[in-house]
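K.L.:
Quick paste of what TrEMBL says about this protein:
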{"type": "ACT_SITE", "residues": "A:Glu484", "note": "active site, proton donor/acceptor"}
{"type": "ACT_SITE", "residues": "A:Glu493", "note": "active site, proton donor/acceptor"}
{"type": "BINDING", "residues": "A:Tyr359, A:Lys368, A:Tyr369, A:Glu429, A:Asp456, A:Met457", "note": "S-adenosyl-L-methionine binding site"}
{"type": "DOMAIN", "residues": "A:336-514", "note": "domain 'PRMT5 arginine-N-methyltransferase'"}
{"type": "DOMAIN", "residues": "A:517-725", "note": "domain 'PRMT5 oligomerisation'"}
Protein chains: 2
Amino acid sequence: MQFSVATTPITNSNFKSRAFKVVSDHLATLKANGEKGTSIGTASRADPILPPLTPEDTSMFPSQAVNTYVAYTSPWIDLCSNDPVIANISRQVLNLEVNYASWCGVKSIIITGPGQDASKDGGNQGLAQYSRAIQEVLTIAPSISILIHIPMYREPLVGVQNETLSSLNEQETSKAAGGDIDIFTSWDSWNQIRSVCKYNPRLLVALKVPKVMAEKDLQNRWFCEPLHYLTLGPEVFQKNKAGYPSLTRNHQDMIFAYMRLKNAPWLLLCDVGPDVRHITDGKDEKPPLSEADFPSLEEARRPAFRVSTDSNVYCEYLRWLETQQAPFSVLETPILTNFQDWLQSPLQPLSDNLESATYEVFENDAIKYDQYELAIAEALKEWNELNLPTSKPGVIVMAVAGSGRGPIVTKAIQAAESTGSKVEVWALEKNPNAYVYLLRQNAQKWGGKVNVVKTDMRAWKGPLISESPETGPVYGKIDILISELLGSFGDNELSPECLDGIQHVLAKPHGISIPQSYTAHLSPIATPKLYADIYTRAQTDATAFDTPWVVSLFQLDFVAQKVPGHPRFQEAWEFSHPIPDSTLDAVVARRSGGVVGGTGGSMAGAAGANDHNSRFCHLTFVARTRGVAHGLAGYFESTLYERKSGPSKGKKTEISIHPERIDEKSKDMVSWFPIFFPLKQPLYFPADTELEVSMWRQTDDTKVWYEWLVEAWTWVGPSARVKVASSDICSSRKIACLM
Amino acid sequence: MQFSVATTPITNSNFKSRAFKVVSDHLATLKANGEKGTSIGTASRADPILPPLTPEDTSMFPSQAVNTYVAYTSPWIDLCSNDPVIANISRQVLNLEVNYASWCGVKSIIITGPGQDASKDGGNQGLAQYSRAIQEVLTIAPSISILIHIPMYREPLVGVQNETLSSLNEQETSKAAGGDIDIFTSWDSWNQIRSVCKYNPRLLVALKVPKVMAEKDLQNRWFCEPLHYLTLGPEVFQKNKAGYPSLTRNHQDMIFAYMRLKNAPWLLLCDVGPDVRHITDGKDEKPPLSEADFPSLEEARRPAFRVSTDSNVYCEYLRWLETQQAPFSVLETPILTNFQDWLQSPLQPLSDNLESATYEVFENDAIKYDQYELAIAEALKEWNELNLPTSKPGVIVMAVAGSGRGPIVTKAIQAAESTGSKVEVWALEKNPNAYVYLLRQNAQKWGGKVNVVKTDMRAWKGPLISESPETGPVYGKIDILISELLGSFGDNELSPECLDGIQHVLAKPHGISIPQSYTAHLSPIATPKLYADIYTRAQTDATAFDTPWVVSLFQLDFVAQKVPGHPRFQEAWEFSHPIPDSTLDAVVARRSGGVVGGTGGSMAGAAGANDHNSRFCHLTFVARTRGVAHGLAGYFESTLYERKSGPSKGKKTEISIHPERIDEKSKDMVSWFPIFFPLKQPLYFPADTELEVSMWRQTDDTKVWYEWLVEAWTWVGPSARVKVASSDICSSRKIACLM
């Protein structure tokens, strides 16, 4: 599909001349009167008034076409100026232009980002003013997208600076270039601007691609920001052997990476052809008005890059580049891509009954069920090899607790067949609708061999062996208890509590649980988009920031480095099953009030019957560059079965959504997205910071919830670490999972 | 007045023995099983259960007296322990004790603060757990005050440590002492605890006075915290020549300072007599229960220290010390003391009409009106000396704009008499009720010599000189325009806008305004109590954090040092009157729509008619020690009149509420309290930080408001400064002053 968009300046050089004249006249008057024009807070200045727009100042007028334009404001203003007159006139120009473009019907406006030294030490006075001006502009134009045109990093000043209002003030023009390049200053400026504007979703980035591609850390940082355009000037391109423009491998890789975003940025070519030149850096003010007003600029996007019909060598190159992208992986199918960074409320697994369609989605995950089959087969093999006693002579009794529509029952039967094991299978399900389906499956598919029971697993007494008037009902035990109760964070859908509740039917001492154990893992991340999304929800949902969201995290930046001893992903805690008998006895005692008058629980008013399932961890992550954390990404791993004997001793059958290990353990498994624990306030930290995460799994006698706290400690010397920031203790208590 | 309060432990040594046994039995079992007791996140531990309380474990039972007790929890628990078992049992003990004491009717409970190494680098895992436990305790006992007993600073560990639960774990007891003393770690721990508990007003400090008094910075830091007790053990006292206990001069000064607080802390003597010993440091567990349960502890408070009737040498000393306090100053009268840290909503000066009583309060400020009389006299003298032309031949025409009930009119008449000046006096007032009073004053007191006009000063056309059918009314001009429109921040009650509005009646070119100019001043401060107060209000008042509060700031800590080039108090901006004619002309043009279609204002939709009264400043303050800022304190100074000629040229008659200059310029002036610009979130910063304050006086065509932003930059080396924190841009736009 072909596509193109026009960009246009809002005002022209006529307006610029008039604005410059207003300021220079004013400065001349001040000089003549011996007044200082640059001191701040001087008494009642008579700041100059910007003259109103005339038809000679602009070529933009309301029309059908105008709301397809991307307008850009005058690049010669200096909102950051230390000179109050220049800063004031710059704000007037900005307001006037945005106001006028908005009136004409424009839908998005590009504004030149803050200048070179806006975020240097001591120079951030200007940035505060710039940010405040942008905040006001978002108010002036309440339905327009504002795009800040900002370089990926700030290159040292070289050559001639563009003419801006500040050129009129001698003190302003003496600013020196030089010093080391700090490649994060540009991102820092952006971070302050959008923070002041409270992550307004209409505030976006037009990122200027540099001639020399930045290091990966910085590319990843920008990856998570709301990129709307990538702008490419001719200087970004190299000539290939044939003399045609091309991009370096590093540039290509960056573009390929950014194009994988659900909302991929548009590519905006600047100054690359006779009719495609005018974008906001103000370098080219020369062409007469008739030519400068409606340059048509090329855009291209994914899945197909979109390139205009113009036959321009740059466009042709991008069209070729588009064909060089890697094909989609399993996790990049359109359906899964749609889920990118889309917040889902967590399930209430014990109180919600799932729909059939939900079951169906999960059942489609072949990887997961294959791992379950493998784990069951391994368990059966080892049981046979070790010739362990069974709870029913000659038969291994298996139960699938929470069978749903039966996929694991099928796998268990297959595993028994493949290993030649004699088994008895029980399928337990509390959902009355799924129960109907299980009965039909048993009749149609399992040959009636499965014992289907409608029950909450915690209330089940075990397989009924016999019943007589003398003995009453006699119940047996289970040898292998199979469940799929894991959530994105492992224990977050109450697997520990459910399995504790059914453990009394597990045979002793050989009964096993599949899964045998599971671990939760954390990493602090930057996700401006999710933060903005949750911030918006929080206006109407008081618990938005208290919610651990299930979300296919994609547009994120891992703020933690991979450092020996401090990996990027760290284990929070582990659960394993079955739990020791002594623990189970204590639980039963507390639950039944065996501890009279006890207030032993960690939580207000609780008896502590579930305290053994509480957890705490304290993890230290290392951030090399400065940045901002918006929350914690959570993942799980689970050992479904581990061989405990023989030559394969220690061999594990596992599933994992740990980003560094999913490919090794359960590649292409799609059943679980990560979990996201948000922070109420973005946590900013300097370079060389250690992020200390305290995380709790809290529980009283009726609920389970999480609490999380992030603190930042920065190294200020080889041996001194100072605290620089702390989040609140965040808590999901208000929306806790009910047991 | 005599006063005494009993303190009591909640449980006794019997309970302690039982708790210790539970833990040691558990640890022994773990050891026998080869399990690790100290690893975090181990699988399903069977944590020990604390046995319920028995009558043998406590001597506290419900009674009439019990709600007068101050109870204290067991000092031998270790909430900070890295050992999950010890941490868990400690929480159980704490919850059990607080729950029981609450049930018995106790109203306040002292809890031992976090241990020596809780806030050391890397040791803050324990502090997170401690803080979370206190948060829970506030929930368990919803109407009890919780007092954290914490030393002013942590002295190095010396000698034997007390026996705590952690003594049972070998790994825990190997913690080494040593290292440099960082005197702020104790405050740091407190700051984290109360931050986690969201500045809960029921969470207070019991501050342990050290043997060696800390430096002033630290004393001042604690001064602003919610101190409920100062605890003094015998080691704090020295023996004087006669062998009696006494305190050093430094200790005395600290106590005197703290006793000036409206809610002065109580003095709690610990372990100083046979029946006054048991307070929470756990040093003394020896006395039998009969003796230990109800020690009576001495307390003393201001205005009189309160000391019990017991004849104890320590009490006698404190009773003597009480008599040594400096007498109250003018600003410490009971009425003004009542205003300490009491938030007042700012006035809407142009739309609210003041009550007579309000006028009366202000009129009682002799200092202020004396300064006005002096300024008027100086102006009249100089006018005469220079023999300047007057707008009415031979007579200096004066107007008091906003006369209220007329105190300045009286002063103007007195000044004219004392300087032998011939004057005509006009009194303008918009409040119809005050107008009645002015007319009566004129008849009874001013001999009918004053011209009283009921008018908004901005609408006044000037003194009516003549009126005829031919000429219509002819108005004269004013030579000296006197007003008292200043607010706590100078311009915050719209003095600039009002005086602009009446400037058209001022004679040119010699007409003067009294005041001639005024400046606004800022300093970042820590005020935990105000923060807590505003936080509470914010639950029901959405603009609580957007409000610049007028408040008699007292319980505060100035976080900025006095550093050359970066004073503690810095000038934000200045206004002076009259404003240049060119400015006034521009204002008139914009206001009358002379700028057609102009959108020149800095604010959305404004024409910019008041833009010349907008201001911006960027100030840098230096903080040497780490701390927390809750907002900005604002003050004003004003030059009422400055001699422009003669031998006294430059001599100023001033008023000031600048803390460092009020005594020099207008000592004992009480009309204005400072203003406080709050931050929504406390801003924590490390040592060697520069606090950069950006402040705006914003205005559109109808309103005036302030915006403020604080950013923290920390020095991490001799030449590198990193940003560590930033507030939001706070804004009072929603509650702006209407013009």
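Cβ atoms are placed via backbone N, Cα and C, with glycine included.
Relative to the rest of the structure, where do these features sit?
P.N.:
In three-state terms derived from DSSP, A:Glu484 (active site, proton donor/acceptor) belongs to neither a helical nor a strand segment and is classed as coil.
Neighbours of A:Glu493 (active site, proton donor/acceptor), defined as other CB atoms within 10 A of its CB across all chains, total 21.
The secondary structure of A:Asp456 (S-adenosyl-L-methionine binding site), as reduced to three states from DSSP, is coil rather than helix or strand. The C-beta environment of A:Asp456 (S-adenosyl-L-methionine binding site), restricted to residues of the same chain at least 6 apart in sequence and closer than 8 Å, consists of A:Lys430.
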K.L.:
At a 10 Å cut-off from the C-beta of A:Lys368 (S-adenosyl-L-methionine binding site), count the other C-beta atoms across all protein chains.
P.N.:
24
K.L.:
What's the CA-CA gap between A:Glu493 (active site, proton donor/acceptor) and A:Met457 (S-adenosyl-L-methionine binding site) in angstrom, rounded?
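P.N.:
That separation, Cα to Cα, works out to 15 Å.
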K.L.:
Which of the three DSSP-derived classes (helix, strand, coil) applies to A:Tyr369 (S-adenosyl-L-methionine binding site)?
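P.N.:
DSSP call for A:Tyr369 (S-adenosyl-L-methionine binding site): helix.
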K.L.:
Rounded to a whole number, how many Å is the Cα of A:Glu484 (active site, proton donor/acceptor) away from the Cα of A:Tyr369 (S-adenosyl-L-methionine binding site)?
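P.N.:
Spelling it out, the Cα of A:Glu484 (active site, proton donor/acceptor) and the Cα of A:Tyr369 (S-adenosyl-L-methionine binding site) are 10 Å apart.
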K.L.:
Taking the Cβ of A:Glu429 (S-adenosyl-L-methionine binding site) as reference, which residues of that chain separated by at least 6 in sequence fall under 8 Å from it?
P.N.:
A:Gly402, A:Ser403, A:Gly404, A:Tyr435, A:Leu438, A:Val452, A:Val453, A:Lys454, A:Thr455
K.L.:
Over all pairs within A:Tyr359, A:Lys368, A:Tyr369, A:Glu429, A:Asp456, A:Met457, the annotated S-adenosyl-L-methionine binders, what is the largest Cα to Cα distance, rounded to whole Å?
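P.N.:
Largest pairwise Cα separation, rounded: 24 Å.
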K.L.:
State the count of C-beta atoms found within 10 angstroms of the C-beta of A:Tyr359 (S-adenosyl-L-methionine binding site), not counting that atom itself.
P.N.:
18
K.L.:
Using all protein chains in view, find how many other C-beta atoms are within 10 Å of the C-beta of A:Met457 (S-adenosyl-L-methionine binding site).
P.N.:
22
K.L.:
State which of the following recorded positions has the fewest other Cβ atoms within 10 Å around its Cβ: A:Tyr369, A:Glu484.
P.N.:
A:Tyr369
